[in-house]
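Visitor: Please see the structure below; I have some questions.
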Amino acid sequence: MEKIMNLFRFFSVLLLVYSPFALAGHDYGQALSKSLLFFEAQRSGYLPSNQRVKWRTHSGLNDGKASGVDLVGGYYDAGDNVKFGLPMAFTVTMMSWSIIEYGKQMASSGELSNAIAAVKWGTDYFIKAHPQPDVLYGEVGDGNTDHYCWQRPEDMTTDRHAYKIDTSNPGSDLAGETAAAMAAASIVFRHSNPSYSAELLRHAYQLFDFADKYRGKYDSSITVAQKYYKSISGYNDELLWAAAWLYQASNNQYYLDYLGANGDSMGGTGWGMTEFGWDVKYAGVQTLVAKFLMQGKAGHHAAVFEKYQQKAEYFMCSCLGKASNNVRKTPGGLIFRQRWNNMQFVTSASFLATVYSDYLSSSGNSLRCNSGIVPPAELLSLAKSQVDYILGDNPRATSYMVGYGNNFPQRVHHRGSSIVSIKVNPSFVSCRGGYATWFSSKGSDPNLLTGATVGGPDAYDNFVDERDNYEQTEPATYNNAPLIGILARLNAGHGGYNQLLPVVVPAPKPVFTKTQPSPKPKISPSPASWSGPISVEQKSTNSWVYKGRTYYRYSTVVTNKSSKLIKSLSLSISKLYGPIWGLTKSGDSYTFPSWVSSLPAGKSLEFVYIHSASPADVSVANYLLA
């Protein structure tokens, strides 16, 4: 018997060693940490003592002064030194949504404090930018004069004019998105800082009322924004988006009724989208309203909310390639929308796929596409494939996240990154001198813009790492904001959380700047990964060393805790890097083995796998009770 077991172990190791993808995988925890660092590189204003991106220092310290308002702070949107309100607000909304859904996973990896700090850096600025109920400052700086210069933020000599919207010059899209950001952030701070949460919610109420009462496109009032962040979709999507977030933050029936009464007229139930981003919010609204429906909150709006959900599922199916009009993908499998900063659409779509997968799993439902019923696990697999592409699993073997992996962009289209730090060389960099000395340099950036997700490859997976190639090498905050949620989910798994239950974001732990060592594989029993009638328990039953690498054998027991027969079962298994026995692979999920047709009440099913890592992430994607 011992000889047989040894042979079994050796065969398993051979499978691992000689299978080209067996040991493939990414350190999503490391990618999450790096992604959050990028936001610190984008900070404007007085930088705090615990600032971790050391090559940056204070900038924009007179912002708003000429207009008699304090607008110091906030974020630079991308590789320039302008503070654009619309994409900044979307960034904060998506960071908040990431924390709301996956804050517990962020806490488990020690990054929740950094994520919450990133949100607060934005909301502190929005509070300043909203000095009166019907006044909102939506831009500081001018893209035209800013782009004429190539300077560090600390050296800026460009115009810092502040632009606002008010009752005479409305901007429902800008005010609506900022209301959404404040409302979403109020949920983040509800337990850790209730007074701050209440302040954010108060601003959100006022901004929504302002947006709804005085309607108009913001770029008709702040015309200098048209060249850079033109509101093509208009403002109806932002009004619905803000109402959805205000309902989630306040549980106020008014906002649920708003969604029900205006869904048809404002396009929420009519637009079937294949994109989601800082301009077009419909897919995000539809996903949130579908969540409300699955939570049983629709009430007499159920018929309207079902139409929202149909459009949400149209978006999901189009991303999977199973709708009547599917998103385009590169030969390497990357979602492709446009040449200029395509990655923004990749991360935003992948986030929606991730949360909707968890919503469906929590409700025991599946996705309905033209091709038939699709298990939720396929959506998560799609999101994982997009993230893996970003991190290097692509035809070029290039990581499009700066600082992650061994092959990443070296000449990023970013002023601060491309010019020597003012702490290293305090000599003034002039407006045009920066172009002559630094922009034109063929060398690598002197400052590593850690965690920045750049625009990415073209429609054929081609990428040119040149600083003047702004379409591909420029990063943006709204590329990273949705990504942090997906990375937290992929890194720490589902953990048995019901995504439809009321949100409780854990209180953050103090931020430590000391680098933490990489965690060792956990070999103690893993907690159940499902809170419904099915439990999943994992434990390591054996380990051995082969050629200097430690391998673990994991036993996973799936138990039917209900009083009924389980007729069918679909498991989602991610972060699995070795062979598995005792299940049947079915697409992107796993089902009963060939010798098992059902699981009676109180009975268990065991399967095993071997790999050189912590336990795989095992969760219930779908099941059917007799």
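Positions of Cβ are set from backbone N, Cα and C atoms, glycine also.
OK, TrEMBL features for this one:
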| type | residues | note |
| --- | --- | --- |
| SIGNAL | 1-24 | signal peptide |
| ACT_SITE | HIS413 | active site |
| ACT_SITE | ASP465 | active site |
| ACT_SITE | GLU474 | active site |
| DOMAIN | 534-614 | domain 'Carbohydrate binding' |
Visitor: Sorry to bug you, but what's the C-alpha spacing from HIS413 (active site) to ASP465 (active site), rounded to the closest Å?
Guide: 9
Visitor: Taking each of the active-site residues ASP465, GLU474 in turn and counting other Cβ atoms within 10 Å of its Cβ, which one has the fewest?
Guide: ASP465
Visitor: For HIS413 (active site), list the number of other Cβ atoms lying within 10 Å of its Cβ atom.
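Guide: A count of 24.
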Visitor: If you measure GLU474 (active site) to HIS413 (active site) at Cα, how many Å is it?
Guide: 5
Visitor: For the domain 'Carbohydrate binding' (534-614), give the DSSP counts of helix residues, strand residues and coil residues.
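Guide: The domain 'Carbohydrate binding' (534-614) comes out at 0 helix, 51 strand, 30 coil.
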